[in-house]
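Here is what TrEMBL says about this protein:
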| type | residues | note |
| --- | --- | --- |
| TRANSMEM | 6-25 | transmembrane segment |
| TRANSMEM | 34-58 | transmembrane segment |
| TRANSMEM | 64-83 | transmembrane segment |
| TRANSMEM | 90-111 | transmembrane segment |
| TRANSMEM | 131-150 | transmembrane segment |
| TRANSMEM | 171-190 | transmembrane segment |
| TRANSMEM | 196-213 | transmembrane segment |
| TRANSMEM | 220-240 | transmembrane segment |
| TRANSMEM | 246-267 | transmembrane segment |
Amino acid sequence: MLGLALYPSEWVFAVAGAGLAYGSLSPTLYSRRLLFLAGAAPHSALAAASLGAVAAALTGVGGAWISLALGLTLIYAAGYSIYRGVDPDTAAALLAGFTASLGIAGLYLAGRTGASISTLVIGDPLLASRTEALAVLALGVLFLATLLLLGDRIAYIGVDREDAMLSGTRVWAYDLLLYTMIALSTVGLITVVGFILEHVLLLIPGALILPLTRGSRTAALAGGLAGSAAGVGGLILGGLTGIPPAAASGLILMLTYLVVLLHSGVWRSG
């Protein structure tokens, strides 16, 4: 706690909120078998953010809103194709390939307009204003609350989709909610954690938490706490070592996961 007092509150809010959002969402991605889509989503976020910066420079319209609209459109397109029966891995592969090409073009054009490419790729929560930091924290709290209320239904669709549809569950509505959360977490937070670390923060908390918990609500809560702790810990470790806080958060999560593997005896029994 004493270490946190040395940092501006907006830094703490930004990293804690981002970790809470990613950590609470990560276990649900495992239960819905959407890991490939989660890995492809940061590519769409990078494309949306870079092209949004270009559009903002050309039109004067807020780049964040353009990026969010483009990012939602890309994720919704992939999600709709999955809903209509396309294999999730195929849809994610097409999304990754298409948005990787868009992202390269977007970064090239954004660099020519003077936009900060390193912020999009590496991320820098230290640049967040107080308003932005509070918005990130609010997003994290909203994600956790949503998954505590509806996470079991969203997860069950991944277990038995046909039964969920036959029982009258509005599968399309829960799918839409999940894809919206994926888009908001990747596009909305890319300047905080960066393109590279979004992969880590979306995927590792679920792998870390699911073997240790039971139930979607418990997993969402534990994942959110783990992600938030990694975010704050990364801020402190980054300050001590001079590396970016986002990178430090990823290292903390990965090392924690390795410790859990060793402690559980998975490697020894294998």
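Any Cβ shown, glycine's included, is placed from N, Cα and C.
Only sequence-distant pairs (6 or more apart) were considered; of these, at least three Cβ pairs between the transmembrane segment (246-267) and the transmembrane segment (196-213) are under 8 A, so the stretches are in contact. Sequence-remote contacts of a segment are chain residues at least 6 beyond its ends whose Cβ falls under 8 Å from one of its Cβ atoms, and for the transmembrane segment (171-190) they are 18, 21-22, 25, 28-29, 32, 34, 37-38, 41-42, 44-46, 48-49, 67-68, 70-72, 74-76, 78-79, 82-83, 120, 123, 136, 139, 143, 146, 150, 153-154, 157, 161, 164-165, 198, 202. Most Cβ pairs within less than 8 Å of the transmembrane segment (6-25), among stretches 90-111, 131-150, 196-213, belong to 131-150. Non-local neighbours of the transmembrane segment (34-58) in the same chain are 26, 64-68, 70-71, 74-75, 78, 82, 88-89, 91-93, 95-96, 99-100, 102-103, 105-107, 109-110, 113-115, 117, 120-121, 158, 178, 182-183, 185-187, 190-191, 195, 198-199, 202-203; each lies 6+ residues outside the stretch with a CB under 8 Å from one of its CB atoms. Taking Cβ pairs closer than 8 Å, the transmembrane segment (131-150) reaches residues 9-14, 16-21, 24-25, 28, 125, 174, 177, 181, 184-185, 188-189, 192, 216-217, 220-221, 224, 228 in its own chain, all 6 or more past its ends. Against the transmembrane segment (196-213), stretch 220-240 shows more Cβ pairs under 8 Å than any other of 64-83, 90-111, 220-240.
Among residues of the same chain six or more beyond the transmembrane segment (220-240), those with a C-beta under 8 A of the stretch's C-beta atoms are 3-4, 6-7, 11-12, 15-28, 125, 140, 143-144, 147-148, 151, 201, 205-206, 208-209, 212-213, 246-253, 256. Sequence-distant contacts of the transmembrane segment (64-83), counting only residues of its own chain at least 6 positions beyond either end whose CB sits under 8 Å from a CB of the stretch, comprise 37, 40-41, 44-45, 47-49, 51-53, 55-56, 91-92, 94-95, 99, 171-172, 175-176, 178-180, 182-184, 186-188.
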